[in-house]
Amino acid sequence: MKGKKVVSYFMAAVLMTGICGSVPAAEVHAEGDYEKVVYAFPSFNNIPTEESIASVEEAINEITREKINVEVDLMPLNIAEYTQQVTLALQGGEAVDCFMSLGDFNNCVSTGMAADITDLVDTYAPETRDLIGEEWMKTTTKEGAVYGFPTYKPVALTPMVVYKQKYVDELGIDMSKVNSIEDLTDVLRKVKEAYPDITPLVPVNSGETGIMQAAGDVDFLSDDYTSPKGVLMGESTEVVDFYSTDRFKELCSLTRTWYNEGLIMKDAATTTAAAAELMSADNSFCYVAAYSYPEADTAASLEAQCGNFELGAKIIGEAYLDTSSVNALTWMISSTSKVPEAALKFLNLTFTDKEVVNLIIYGIEGRDYVKDAEDFVSYPEGQDASTVPYTAQLSCGVLGNFFIMYPMAGTNKESLDWELEQNKAAKTSNAMGFSFNSSSVKTEYTAVANVVSQYLPGLQCGSVDPETELPKFIDALNSAGMGSIVSAKQEQLDTWMAENK
Amino acid sequence: MVKAAAKQKKQSFRKSVPLLVIALPAILYILVNNYLPMFGVFLAFKDYNFFKGIFGSDWCGLDNFKFLFATENAWIMTRNTILYNLAFIVIGTVFAIAVAILMNEVGKLFRAKFFQSALLLPNLLSWVVIAYIGYAFLNPETGFINNTVLSSLGKEGVAWYTESSKWPFILILVYLWKNMGYSSIIYMASIAGIDKGIFEAARLDGASKLRQIFSITVPLLKPTVIMLTLMSVGRIFFSDFGLFYQVPMNSGALYSTTQTIDTYVYRGLMELNDVGMSAAAALYQSVVGFIVVVAANAVVRKVDSENALF
C-alpha cells in the first residue's frame, strides 16, 4: 500500500508539468456492506460544494443500496479539465470506476484505460444493452470485446444554417429554398448587396466554417470532423484522403468565392471568437453548424447566447451517422476499478432508472429544482442555474439516458419524438461500428495533424486560393505520411468488414 | 596534519550550516520539482498503457522519438527554434545592456523609478493578454496598423495573420518588448556593483561618457553576460510556448516561421494524448540542451577560463 502511494506521488509529479489542480481524493469507505462506486462525470455548470454533492449522493444511495447494494461517490469535474483529471487519477491509482470517453473512445481502449466488460454486460446491465441496441453496441465493441455504453441521446447531427430572422424578413428571402450549402451563396449575396456593412457568414469556431459538416455523407472513420484524415465517401468502402476528393475541392472553391465577394468574415481562419459571440454583434447574418434538435428548437435555444436576436434555422443537409457520432460519448468502467460489477450495475441505472439520472442532473427536488404536473423542470422561485446548491443540467446530453430525463420548461415533448426518430431514420455509414486503432501509425498521425492545422483553416475559410494552396496541402500531407494512414485504415476496415458481413 | 585538516573541514562545515539552512527550501524545491520527475524519463521508451501501469508497459525502443524527425517539418521547427533563440540571445542581450546603461545614467530620481516600472510592466502580462494586444494592432479589418497607420499613408492593408514572412520581425519585437525590462535588471545590478572610483578616475583623465561606457561598463559586464548567455544557451532547444502559440493566434498559415519544437509537439499530441511521445520530446530537448551547454562552456573555458561556469 505504501509503495503504491509513493508510486502515485511520483507519477503525479511526472505528469503535473504545467497542469494545476488536483483530483479530489476518493476515500476508501470501509463502513457498511455496500460496494462503493466512484462516478466521474463532466459538468458544464458550476461545480457544487462538497455538502451539496453529499446530499445528492445520499438521495441516490437510498435507491442504490436497496436496488443494487451499491453506494455511489459522485465526482463532477469541470468539462475543460475532465479528460486531464480522469487520466491523472487513473495514472495515480486513484479510484475512478465509471468515466466517459469524451470524444476519444479509441484512445481510451488502446491505452488500456477502459476495462473489457464483455463477460459482465449480460449479467449486470442487460437492460442498457437492449436499450442501446445491437447496431450501436457495435460502436463500443472492439475486436469482439465490449468496452462501454454510448450515451443514449439525440446523436443525429443535422447540418443547419442559423440566421437572423429580421434580415430574411426585410429582404423577403425564402429560406425554404435553401437546401444545400451551395444554395446559401445567393442568400449571402442578397444580404451583402442590401447591407454592405454586414459580414453575412461568420465561422462557428476559429477556422471552422461548418462546411466540413455540410460536406454530405462522409464517414470520418474515428477522426474528429475538424481534422479528418482517411474517410469513406458515401456508399464506397474505399478509404480515401478527404482532401484529395473532388468534394473537398468544390467546398474550397465555394468558400473562396465567398471570401472574394466579401460574403464571409475576412479573418474567419484566425479569429478566436466563436459563433455565439460573433452573432451577438450587429454586423453578422448567419453561420453553419450541425445540431441534433429540430429547426425551431435549435433557433430558440440559441437566441439567449446570440445577443437575443430573433433567430431562424434551416436544415441544409441530412444527418449522417458514423461510428464516432455514436461512440464519441461512451461510458466506460476503468481498467483499474476494483469493483467493475458494482460499477456496471450503477451505470445500468443511469441508463434505465429515471430517479437516479434525474438526481444526478437536477439534484434534489424542491431545493434545486421544481417540477410541474407534466414533469417540466424549472429552477425554484428567484433562483437560477448558478445559484441553486446543485445542478448539472447542462450535462443532460452526456449522462446516461437523455430520453428519461425530465425536460426543461420551455421545450416541448414532440421535439423528443423527432429526435428519437432522427436517431433511427438517419442515414448510416457502411462502416457503422468500425473504429480505427491508430497505434500503428502514431508518428504519421502527429505529422499529418500538424499539416492539417496548417492548411485546413485557410482553405475552408477561403482566405487562401485553393488553385495554388490545395496542391501544396496534398503534397505536404503525402510527405507527412497520409498514405500510410489511409492504407492502415483500409486494412483494418477490410478485416472488420470480413468479420461483420 | 591530517587531524588539523579534518578539524578545519569540520569548522568550515559548521560555518556553512546557516547558509545551508537558508538554501534548503530552494534545494528542496529543485529536488521535488526538477529531480523527482526525472524518474519518469524511461516513459519515453515505453508504449504507455494504463492497465499495465508505468512499470508494466511494454518497451518500444526509440519509436516514441520518430515523430520528431518524421517529416520535413522536423527541419523547419528545429531551424526556427534555434534561430529564434539565437536572435533572442544576441539581440536580447544587446538591448538589455543598453537599457541597463541608460537607466543607470538617468540616476536615482523619480523618473528612473518610473521608467523602470514602465519597462518592467510588460513582463507581468500573460502571453494571452499580449496576444490580444498584438491582435488589436494586427487585426486585418479593425486593427490599428491596417486601419489607422497604413490607411492614412494611403497603403493597402496587410493580412498579418496569413503572411509568414513578417513574423520573424513581429515575434522578435514582441519578445523584446516583454522581456527587455526584466533582463536589464540583472545588468543594472551588475553596473551598480562596479567600483565608482574607476569612473571617477576616467572622468579625471577626460574620458567622455561613451568612452566610459565602452571601456569600463561593458568590459566589466562580461562575466555576467557570459553566465546569462550560457544559461540561455542551455535552453536553446526550448521555446517560449506562449510567444509562438498565442501571439500568432495559432494561425496555420504562419507555421513556416512560427512553428517551434514545443508548438509542434503540442499540436501533434493534442490529438493523440500520448504520454510516451510527450516524454520523448521533452527528453530530446533536454539532452540536446545539456550537450549544447557543456559544449558552450568548454569553448568559454578555452577562451577565457575565469568566466567558465564549471
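Each position is counted from 1, following the chain as shown.
Placement of Cβ uses the backbone N, Cα and C atoms for every residue, glycine included.
TrEMBL annotations: computationally assigned, not manually curated.
The feature domain 'ABC transmembrane type-1' is assigned by TrEMBL to B:78-296.
Remote same-chain residues near the transmembrane segment (B:20-45) are listed as 54, 59-62, 64-65, 275-276, 279-280, 282-283 (criterion: CB distance under 8 Å, separation of at least six residues from the stretch ends). Feature annotation from TrEMBL assigns transmembrane segment to B:20-45 (among others).
The annotation transmembrane segment is assigned in TrEMBL to B:82-102 (among others).
Packing against the transmembrane segment (B:114-138) from elsewhere in the chain are residues 99, 103, 106, 144-146, 160-161, 170, 174, 177-182, 184-185, 240-243, 245-247, 249: each is 6 or more residues past its ends and has a CB under 8 Å from a CB in it. According to TrEMBL, the feature transmembrane segment maps to B:114-138 (among others).
What TrEMBL records for B:213-238 (among others) is transmembrane segment.
Annotation source TrEMBL lists transmembrane segment at B:279-300 (among others). Away from its own ends, the transmembrane segment (B:279-300) comes close to residues 40-41, 43-45, 64-65, 68, 226, 229-230, 233-238, 261, 265, 269, 307-310 of its chain (Cβ-Cβ under 8 Å, at least six residues beyond either end).
Long-range neighbours of the transmembrane segment (B:213-238) within the same chain, counting only residues 6 or more positions beyond its ends whose Cβ lies under 8 Å from a Cβ of the stretch, are 81-82, 85-86, 88-89, 93, 97, 101, 104, 183, 186-187, 190-191, 194, 198-199, 202, 207, 261-262, 284-286, 288-290, 292-293, 296-297, 300, 304, 306-307, 309.
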